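Q: First, the structure itself, so that you have it in front of you.
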Amino acid sequence: MKVTVVGAGAVGASCAEYIAMKNFASEVVLVDIKEGFAEGKAMDLMQTASLNGFDTKITGTTGDYAKTAGSKVAVITSGIPRKPGMTREELIGINAGIVKDVTENLVKHSPDVIIIVVSNPMDTMAYLVHKTSGLPKEKIIGMGGALDSARFKYRLAEALESPISDVDGMVIAAHSDTGMLPLYSKATRNGVPVSEFLSEEQKASVIEETKVGGATLTKLLGTSAWYAPGAAVSVMVQAILCDQKKMIPCSVMLDGEYGQSDICLGVPTIIGKDGIESIVNITLTAEEQLKFAEAAKAVKEVNGDLKF
Ligand SMILES: NC(=O)c1ccc[n+]([C@@H]2O[C@H](COP(=O)([O-])OP(=O)(O)OC[C@H]3O[C@@H](n4cnc5c(N)ncnc54)[C@H](O)[C@@H]3O)[C@@H](O)[C@H]2O)c1
Ligand SMILES: O=C(O)C[C@H](O)C(=O)O
């Protein structure tokens, strides 16, 4: 099955690389606006195929969407990343126009496509795709929770001094520095609540480090991260192409779930061949419910800046 990745920059190329390395897609088409860039990235990646042992065909195009026709999944990574000191929300002015334009092109050539939105501010960009694509809500999935949960597990394992494979946990709500909600109450080490092992001070530090995970990397790198974002997207694409019915926190259009409507926000979902197969309703503590509602309020304010 064919997967399109729009934006052949840091995140787009990482997505293409992880998807190809896992060998579950027949073809990955990279699209970029910069002349020759996607073609170059595709060629470089293809020259790793015999070294890394994959058969996925990777091609590149400078804006020729006819080459994306018949894609099962399209990943939107096109747009600018933040620089140190910026918030993701500050990217809306430039990225909204890019995401809208890219969405129109994708749907024109692949009317049944499932779109994974990566460009920031992601929850708002996912909302924009809902408002402009005409696709059913099951086919628009924002990537944030998969990455934030991976960062949560990294921080938990660090505090627990345990292997990451011992740790499980999930982050929901907004993909923003303040609106992320690491579900500490549900995080476990081999099924045992992490609160059995960690102090209140460690808990506060794990939660804070998780929430500013993207900002921390942006400060270190001078631009935002790409390896873990690319890997997170590849997990979502694999769940769709292989119909895995995996539970992944994703930003999806809510229609009353978690007390919210007309907003894309991160909640646990089941991802399979049709995209979002269901939204999983889990019980939140009173404090978590409050934080979820606060995150929703902030995202709605940002959504208010969109012009359709
Ligand atoms: N949701 C997440 O978890 C997450 C994680 C990492 C990055 N991001 C976001 O992903 C986006 C991309 O980040 P990056 O580091 O890859 O940036 P980048 O600058 O390395 O790559 C972006 C690419 O998009 C291309 N582009 C711009 N306009 C385009 C258009 N109209 N059509 C096709 N291509 C176009 C650029 O030429 C560039 O190659 C940013 O908005 C960043 O904030 C989101
Ligand atoms: O932090 C960013 O701006 C990029 C991305 O959203 C991330 O979390 O790595």
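Including glycine, each Cβ sits where the backbone N, Cα and C put it.
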Q: So TrEMBL lists G7, A8, G9, A10, V11, G12, D32, V118, S119, N120 for NAD(+); which of N52, N95, N105 goes with them?
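A: Checking N52, N95, N105 against TrEMBL: the NAD(+) site match is N95.
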Q: So if I take the binding-site residues (G7, G9, R82, V118, R151) and measure from each Cβ to the nearest atom of ligand 2, which come out below 6 Å?
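A: So the answer is R82.
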Q: Between V11 (NAD(+) binding site) and R88 (substrate binding site), find the distance joining the two CA atoms and give it rounded to the nearest Å.
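A: Distance between the two Cα atoms comes out at 15 Å.
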Q: Could you measure between H175 (active site, proton acceptor) and R88 (substrate binding site) for me? Cα positions, answer in whole angstrom.
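A: Counting only the Cα atoms, the answer is 9 Å.
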Q: Under 6 Å from ligand 1 by Cβ, which binding-site residues from G7, V11, D32, V118, N120, R151?
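A: List returned for ligand 1: G7, V11, D32, V118, N120.
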Q: Tell me, by DSSP, whether V11 (NAD(+) binding site) is helix, strand or coil?
A: helix
Q: Which residues of the same chain, at least 6 positions away in sequence, have a Cβ lying under 8 Å from the Cβ of R151 (substrate binding site)?
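A: Expected: V171, T210, G213, A228.
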